[in-house]
Amino acid sequence: MGKLETDGNLVELAPWLQNGETLDRFIPNRPDIDNARSKLTDDKENSAESKAYRQQLAGALNIDLKSRILAFKKPPTRPAGAKANPNYSSSATQQSKPTKPGRHIPQTSERTLDAPGLVDDYYLNLLDWGSSNVVAIALGNTVHLWNAANGATSQLGTVNDANVLVTSVKWAPDGRRIAIGFNNSDVQIWDYTATANRWLESLRGGHQSRVGSLDWKNNDVLTTGGMDGKIINNDLRVSPHTAVTYTGHHDDVCGLRWSASGQQLASGGNDNLLHIWDDRSTAASRSRTQWLHRIEEHTAAVKALAWCPSQGHLLASGGGSRDKCIKVWDICTGARKSSIDTGSQVCALLWNKNESELLSAHGPTQNQLTLWKYPSMVKVTELTGHESRVLSMVQSPDGCTVASAAGDELRFWNVFGTPGAARRSPEPDFDELRIR
């Protein structure tokens, strides 16, 4: 083996230098590195001193040298009676956890009531279900009441003139007072109790034509919408009652909905317009001509309106037979969040209070109720049975049952779930509304 003298010292040459190979002088051969490392580590680890030291250290720390540090191992056996920590679980435990079963949605209505005399007019709102669990439906010139809890029935002798028809009904939030609109522009306020119904007062002179839409801002302020395009806030605590008039529609106002906060009012009309009004900006004025948002994306009348109960800034709207679309809006910005063409006239909308779902009621050709998953707007199911278009759709106080009115019938659907201890109501005992 060759040697090289440097500074008076003899240095042994590597084999590749002795053989005259032209390799990079800064990077030695890999085999030489591996052999050197192996020789160093083997010598150190296998030395008597190294083994003795490791054994002494392991004994002091109570470590088993044959075990692997930070290795996966089976979880310790839980003592009998010990509870598992809900925040930590093995993958096997998570995989064995049963999945939540899907909600069963009956495909047929659970009850059908005859409702002869129901006016077939898309622009009217003839059905409501109050917080006192009483359903009100307008048949001709009379409003019939049915207590869904005990089956008790009554009616409001509203007018004696056969030419005067009821065009809208709406319960106050407390379930005690009910407002009734007529085609002669009058509005009546009635007080309801389990034993008697009492007329309170009539509102006249606010509108020049029929009042087809109503909604209560609270128990004291009633909002009315007329065919004259006017929207009026009526404060029943003061005189005169007219507090604010909203002007923005130039045709029949067929949809009115206050938000849960009572700060925003949504209005839809036969002029294909959707308005969002902010009540906080009307405090100093009796006339409101500037809307928060004016939306012109629908191509037919906008009657179906529904505020999302879990996200108060979301509003769903539905268009008539030339539009057929459901659109969801963010009223903070006025931006459209989603839109879907349903293929038929949208007559009413309801949000599920317990799930992210939206229910729509439709006209021809199926006259169906359609349940949509939100926000994907994937169709969950369709409920059929009505032979003519669904005119109105309302929700029970517990949010589980839906009532839909069409043709000469009123159907009840268990579409949003089953209440805790539901009890079927007895059969009504009057001719106009009877169980089939």
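Here the Cβ of each residue, glycine as well, is placed from N, Cα and C on the backbone.
TrEMBL lists 31-50 with the feature compositional bias 'Basic and acidic residues'.
The compositional bias 'Polar residues' annotation in TrEMBL covers 86-98.
Annotated domain 'CDC20/Fizzy WD40' per TrEMBL: 113-413, in sequence order.
If you look up TrEMBL, you'll see 28-50 (among others) marked as region 'Disordered'.
TrEMBL lists 75-111 (among others) with the feature region 'Disordered'.
Across the repeat 'WD' (166-191), the DSSP tally of helix, strand and coil residues reads 0 helix, 17 strand, 9 coil. What TrEMBL records for 166-191 (among others) is repeat 'WD'.
With a threshold of 8 Å between CB atoms, the same-chain residues lying at least 6 positions outside the repeat 'WD' (246-287) that come near it are 122-125, 212-218, 223-227, 229-233, 293-307, 309, 312, 315, 317, 319, 323, 329, 331, 334. What TrEMBL lists as repeat 'WD' is 246-287 (among others).
Long-range contacts of the repeat 'WD' (295-339) within its own chain (CB-CB distance under 8 A, at least 6 residues past either end) are made by residues 122-123, 252, 254-257, 259-261, 264, 266-276, 345-351, 353, 356, 358, 360-361, 363, 372, 374-375, 377. Feature annotation from TrEMBL assigns repeat 'WD' to 295-339 (among others).
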